[in-house]
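**Q** Sharing a structure with you now.
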Amino acid sequence: MASSNVTLSNDEVLRLVKDWNFTWSVVFLLITIVLQYGYPSRSMFVYVIKMFVLWLLWPASMALSIFCAVYPIDLASQIISGILAATSCAMWISYFVQSIRLFMRTGSWWSFNPESNCLLNVPIGGTTVVRPLVEDSTSVTAVVTDGYLKMAGMHFGACDFQRLPSEVTVAKPNVLIALKMIKRQAYGTNSGVAIYHRYKAGNYRRPPIIQDQELALLRA
């Protein structure tokens with residue numbers, strides 16, 4: 001059987017480069033927007049997209065490494081690709097193990113956030129609001145402005161300053177840290193600042209919250 005070589009003209013190569021250049025310009029623009037504005041204090045929607053993109057990087061990395069190992073350029077590239085594939089697989093499995101442990105402790109889907117393995121649990125209005133905590137610290141500041149609560153750069157929704165919880169928790173895969181309110185300062189109408197400081201830690205689940213039907217209806 002005779003083999004035929006397919007060659008491309010200069011115009012076809014230039015057209016192909018232009019098409020891919022446009023595609024990559026759009027991809028890099030989207031990545032820039034996600035990285036620039038993907039913070040919970042700016043846009044929760046973009047932040048969720050950022051988490052989804054980060055989550056997809058693991059399987060994409062494994063797929064590329066496995067493909068390079070199956071169809072190698074040479075023996076050296078095959079060995080390196082196999083090592084990279086095994087490393088990516090081990091790191092992905094470790095991520096899932098830690099995320100499942102955190103989910104069993106908190107019951108929140110934020111446990112699978114690839115950016116952080118710390119969750120801040122704040123009991124408000126008869127339920128517990130859970131948000132990822134990017135920075136691990138021994139103290140957390142709560143700011144209530146006109147009845148809206150914000151802690152560690154995360155929005156927690158409507159909250160009466162006078163009914164702030166006396167204790168919040170920070171959950172990790174291997175420990176639950178309790179933080180107690182040590183100082184509170186009111187200013188304005190239903191506004192103020194409260195400081196929570198770590199006072200104990202242990203290997204237990206997040207404490208259950210007793211439902212307050214009246215407060216739950218007010219928040220609905």
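Including glycine, each Cβ sits where the backbone N, Cα and C put it.
Per Swiss-Prot, the feature topological domain 'Virion surface' maps to 2-19, 72-79; the stated evidence is sequence analysis. The transmembrane segment annotation in Swiss-Prot covers 20-40, 51-71, 80-100 and is backed by sequence analysis. Sequence annotations record features per position, and here Swiss-Prot assigns topological domain 'Intravirion' to 41-50, 101-220.
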**Q** Looking only at residues six or more beyond either end of the transmembrane segment (51-71), which have a C-beta under 8 A from one in the stretch?
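**A** That would be 31, 34, 77-78, 81-82, 84-85, 88-89, 91-92, 95, 112-115.
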**Q** Looking only at residues six or more beyond either end of the topological domain 'Intravirion' (41-50), which have a C-beta under 8 A from one in the stretch?
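**A** Distant contacts of the topological domain 'Intravirion' (41-50): 33-35, 115, 153-155.
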**Q** Under DSSP, the topological domain 'Intravirion' (101-220) has how many residues in helix, strand and coil?
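**A** In the topological domain 'Intravirion' (101-220), the DSSP-based counts are 20 helix, 57 strand, 43 coil.
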